Every structure is written in structure tokens, then in C-alpha cells.
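Chemist: Provided herewith is a single structure, encoded as C-alpha cells, for subsequent inquiry.
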């Protein structure tokens with residue numbers, strides 16, 4: 001069961017995949033999906049906005065002057081204050097998410113981010129700026145963890161992988177807005193050239209605050225709190241389009257209920273659950289490595305310090321750097337959305353391995369071209385380096401952007417989903433903190449040779465993915481809850497579904513018998 005990856009024999013998954021009616025022709029489901037975008041799927045816009053706030057702000061003369069022309073370690077701490085704040089806030093996320101619900105957790109994180117953004121926009125010195133970014137970072141993972149859980153638990157099984165993949169793709173919408181805004185404010189010759197973009201970082205959080213309670217709560221959360229009828233109504237409305245007799249909803253309710261009972265009776269809902277069994281330890285290892293890989297695959301170099309790598313190949317003009325950066329973010333959005341839309345067509349391991357090997361090939365080529373330029377001042381090598389930076393985006397988006405939250409939601413069962421994604425966030429933000437501090441020092445100290453470090457590390461990532469990543473495609477969340485556990489747990493859940501199917505068939509048979517009896521009586525009376 002660990003390494004498998006073929007089609008599912010789960011009746012609920014088959015029914016969802018065979019559903020001939022597309023989501024946009026289902027009124028309730030369509031409305032929910034449209035509402036998911038501003039208040040949940042758009043959460044990652046804040047992360048993308050932040051990467052470009054630092055990346056683009058470093059190109060603004062007013063920002064450099066106000067903060068004393070930061071370089072090296074000082075430049076690093078200005079960028080890394082946000083992930084540091086995230087690491088501090090992570091331990092309490094499951095308490096809020098699992099006790100108060102996904103929506104309240106999003107609301108809390110969004111309010112904290114608005115407060116931090118206001119302080120950032122009106123910062124009077126470097127310390128206040130770093131503190132503000134730490135506050136934004138503290139609130140961000142609350143919204144990310146709860147939002148990714150809510151998308152996976154509300155989405156209809158047929159569209160769930162695409163929705164969770166689009167969650168990460170929205171990163172680039174924030175990045176584009178930030179890069180474009182900062183490019184536009186370059187003409188302002190005072191501190192508002194960086195204060196305006198800094199204040200605009202609260203826009204996604206305001207959308208979440210305004211719209212999140214128009215969404216239903218996760219039916220799995222409701223059921224975990226013994227609110228069975230509330231969970232039933234959510235599934236009837238959105239997965240059954242208001243039909244209380246929907247066979248799919250009845251089976252889904254039975255599967256969720258049976259799976260949650262097994263999960264909760266074998267869980268103490270504590271952090272120790274993550275290391276109690278061999279299956280959970282493997283999940284934690286994969287989640288931790290995924291957190292490291294998403295931030296240590298060379299992307300932070302491009303996201304936060306693009307100006308430095310462009311200088312290595314002779315492109316020092318701030319206007320060119322800003323235009324190139326904006327173009328790269330637009331290209332990345334196209335790649336991210338495209339990868340999300342094809343996620344149902346390929347197996348997870350295939351996408352991960354193709355993506356990581358492509359990243360390795362791109363980084364090697366980029367490193368070689370940069371080295372040739374520095375040695376020979378070759379204009380062709382410099383332009384090829386520009387090409388390889390753009391080529392990095394489709395490779396990265398194919399695996400780490402498109403699949404990150406899709407995969408995390410699939411490998412972690414409900415009872416530990418929030419903690420599992422928090423572990424991923426911890427290692428991801430820790431890696432981001434490390435990268436934003438070390439990258440400027442590394443590029444200054446050894447120049448293009450610093451890229452060689454990433455080439456070696458990405459090769460290690462490919463090996464680990466090959467040996468550790470299980471296949472999870474074409475299965476329901478409840479079916480995946482026991483991916484690494486004893487088969488008896490899965491058998492109990494399947495028995496509950498089989499019982500519901502049998503009851504439904506008996507009910508249908510009785511109904512048909514009653515209709516037949518009624519017809520016979522009527523015909524007899526006519527005679």
C-alpha cells in the first residue's frame with residue numbers, strides 16, 4: 001500500500017471521477033469555488049507579494065538610502081524577519097485550527113498580517129521594519145495551514161487536486177502585483193516609493209477577512225466536533241447540489257465518519273502523535289524534506305536576490321532589473337497555473353521526478369553560462385543565463401509549486417493534517433530564513449561558484465524523492481488516511497462504505513417493491 005499508485009477501487013472516488021456534470025454547471029459548487037479564490041486560494045498571494053517587496057525594494061534608491069544601503073547580513077535579516085516570525089508562530093497553529101475551525105484560523109492569521117503590514121508601511125527604522133515583517137510572518141502560516149486544509153476538505157474529489165495546486169500558484173499573483181507596483185513607484189523620489197507597496201501587502205488579508213465567513217466550514221472539522229448534521233448539510237448543498245437523497249453524499253458521509261472514528265481513537269491529538277508510529281514518522285520526514293526542498297532548490301536566489309545574480313552577468317541597470325523581474329513573475333504565473341491544471345493527468349511521483357531533474361539541468365546550465373561570462377565576458381553567455389533563469393520557472397512549478405499542498409493534504413490524515421502542514425511550514429520557513437541570510441553572503445563571497453552548491457544539493461533532493469515519495473494520485477482523502485498504516489484500518493472504513501451501499505440497495509429494492517405493490521393494487525381495483 002505504501003508505494004502503490006494505480007487506480008483506486010474506492011467506490012466514492014470512482015463515482016466522483018465518473019460524474020459527467022462539470023463543476024461549472026453545478027450552481028452551489030460553482031459559487032463555492034468562485035468564493036474560494038478571494039478568501040482562501042488567494043492566501044499565498046501574501047507570500048508572493050513579500051518576496052517581491054524585498055526583491056524589488058532593493059532596486060529602489062529611496063529604500064536603500066532609508067535603511068542605510070543594507071548589504072550582506074543586514075540585507076539578509078531584513079528579508080528573513082518574515083520566515084523567523086513564521087517559525088515562532090507555528091506551534092500554536094493546530095490548537096487554533098483544530099479547536100476553533102479552519103475559518104477562524106484564517107481570520108486570526110489575516111488580522112495579524114494586517115497589523116504587521118501597517119507597522120511595516122510606517123516603519124521609521126530598520127528595527128521597526130524587521131519587527132513588522134516578523135509580525136506578518138507570525139500570522140501568515142495560520143492562514144496558509146487553515147486555508148490549505150479547508151480547500152482540500154471542501155473541494156469535490158474530482159477537482160480537489162487542481163484547487164490545492166492553484167493555492168500555491170496564487171503566489172505569483174502577489175509577486176506580479178508587488179513587482180509591478182514597485183516598478184511604478186520608482187518615479188517617486190521619496191520614501192513613499194517603498195511605503196506604498198509595503199502597505200499594499202495587506203490587500204490579500206483584507207479580502208480574507210471580508211469573505212471567509214461566507215464559506216462553509218470544513219465538514220470533516222464539523223464531524224470531528226460531533227456536529228454530524230451540520231457536516232451533512234454542507235455536503236448535501238455542495239457535493240449533492242442540494243439533493244438530500246444523493247447516493248454520493250451518503251457514501252461520502254459514511255466514509256468520513258468511519259475514517260474519523262478510527263483516526264481519533266488512535267490519536268491523542270498531540271504533537272507526539274507525529275512520532276508515535278512508523279507511518280507517522282515517515283509522513284513527518286517527507287513533510288520536513290518537502291519544506292526544505294521548496295525553499296532550498298535555488299528559488300530563493302531568484303525570488304529575493306535577483307538583482308545580485310543579474311549583476312554577476314553584467315546587468316546592473318535598475319530599470320532593466322525591474323522589468324526583467326516583472327516579466328519573470330508573469331511568466332511564473334503562467335507556468336504555475338498551467339502546472340496546476342494538468343495535475344490530474346499525471347502521477348505525483350512522475351511530476352516530482354520530472355520537475356526535480358529539470359531543475360537540476362537548468363541550474364547546471366545556468367551555472368556554466370554564468371561562469372563563462374565571468375571568465376570571457378561573453379555576451380551570448382550572459383543572455384543564455386537570462387534564458388535559464390526563465391527556464392527555471394516551469395521546472396520548479398511542475399513539482400514544488402503545483403504539488404506541494406496537494407501532496408501534503410493527501411499524505412497527512414485529518415487528525416494530524418494541521419500539525420503535518422505546520423511541520424512543513426516550520427522547515428520551509430527555517431530554510432527560507434537560512435537562504436535569505438546565507439544567499440547574499442554566499443554570492444558576495446564566492447560569486448558564481450555559490451550556484452555550484454545548489455547544483456549538488458538539488459541532486460541530493462532528486463535521490464531522496466526517488467526513494468521516499470509514495471504515489472498518492474487517484475485516491476480519496478479517506479482512502480489515503482491509512483497510506484502507511486495497517487490494512488485493518490482501511491478494511492474497517494471500507495466495511496462502513498459497503499454497509500451503506502447495502503442499506504441503500506435494500507432501500508431501493510423496498511421502494512421498487514412498494515411501487516410494484518401499489519401498481520398491482522390499482523390495476524386490481526380497476527378490474
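A Cβ is built for glycine as well, from the same backbone N, Cα and C atoms used for every other residue.
Pulled these features from TrEMBL for this protein:
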TRANSMEM  33-54  transmembrane segment
DOMAIN    36-473  domain 'Major facilitator superfamily (MFS) profile'
TRANSMEM  74-93  transmembrane segment
TRANSMEM  105-123  transmembrane segment
TRANSMEM  135-154  transmembrane segment
TRANSMEM  166-188  transmembrane segment
TRANSMEM  194-215  transmembrane segment
TRANSMEM  284-306  transmembrane segment
TRANSMEM  326-344  transmembrane segment
TRANSMEM  351-375  transmembrane segment
TRANSMEM  387-409  transmembrane segment
TRANSMEM  451-469  transmembrane segment
REGION    508-527  region 'Disordered'
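Give me the local environment of each listed feature.
Modeler: Packing against the transmembrane segment (33-54) from elsewhere in the chain are residues 23, 78-79, 82, 106, 113, 133, 136, 140, 143-144, 147, 150-151, 154, 159, 163, 166-179, 182, 197-198, 200-201, 203-205, 207-208, 210-212, 214-215, 303-304, 325, 329, 436: each is 6 or more residues past its ends and has a CB under 8 Å from a CB in it.
For the domain 'Major facilitator superfamily (MFS) profile' (36-473), the model's average pLDDT works out to 88.
Sequence-distant contacts of the transmembrane segment (105-123), counting only residues of its own chain at least 6 positions beyond either end whose CB sits under 8 Å from a CB of the stretch, comprise 39-40, 43, 46, 85, 93, 96-97, 129, 131-147, 150, 195-196, 198-199, 201-202, 205-206, 208-209, 212-213.
Within its own chain, the transmembrane segment (135-154) has Cβ neighbours under 8 Å at 32, 36, 40-41, 43-44, 46-47, 50, 81-90, 93, 96-97, 102-103, 105-106, 108-113, 115-117, 119-120, 160, 163-164, 167, 201, 205, 208, 215-216, 218-221, 234, 238, 405-406, 408-409, 414, 417-418, 421-422, 425, 429, 477, counting only residues six or more beyond its boundaries.
Beyond the ends of the transmembrane segment (166-188), by six or more residues, the same chain brings 40-53, 55-57, 59-60, 62, 147-148, 151, 194, 196-197, 200-201, 203-204, 303, 318-319, 322-323, 325-326, 329-330, 332-333, 336-337, 339-340, 397, 401-402, 404-405 to within a C-beta distance below 8 angstroms of the stretch.
Residues of the same chain lying 6 or more positions beyond the ends of the transmembrane segment (194-215) and with a Cβ under 8 Å from any Cβ of it are 32, 35-36, 38-40, 42-43, 45-46, 49-50, 53, 56-57, 60, 62-63, 66, 103, 106-107, 109-111, 113-114, 117-118, 120-123, 136, 139, 143, 150, 154, 174, 177-178, 181-182, 185, 188.
A Cβ distance under 8 Å defines the sequence-distant neighbours of the transmembrane segment (284-306), meaning residues of its chain 6+ beyond its ends; these are 51-52, 54-55, 58, 79, 175, 274-275, 321, 324-325, 328, 356, 359, 363, 389, 392, 396, 400, 404, 407-408, 411-412, 420-421, 423-432, 434-436, 439-440, 443, 451, 454, 457-458, 461, 464-465, 468-469.
Sequence-distant contacts of the transmembrane segment (351-375) (same chain, at least 6 residues past either end, Cβ-Cβ under 8 Å): 293, 297-298, 309, 312-314, 339, 343, 381-382, 384-385, 388-389, 391-392, 394-400, 402-403, 447-448, 451-452, 454-455, 458-459, 461-462, 465-466, 469.
Long-range neighbours of the transmembrane segment (387-409) within the same chain, counting only residues 6 or more positions beyond its ends whose Cβ lies under 8 Å from a Cβ of the stretch, are 148-149, 151-152, 160-161, 164-165, 167-169, 171, 287, 290, 293-294, 297-299, 302, 306, 309, 328, 331-332, 335-336, 338-340, 343, 348, 351-356, 358-359, 361-363, 365-366, 369, 417, 420-421, 424, 472, 477.
Proximity of distant same-chain residues to the transmembrane segment (451-469), defined by a Cβ-Cβ separation under 8 Å and at least 6 residues beyond the stretch ends, is recorded for 282, 285-286, 289, 293, 296-298, 301, 348-349, 352-353, 356-357, 359-360, 363-364, 366-367, 370, 442.
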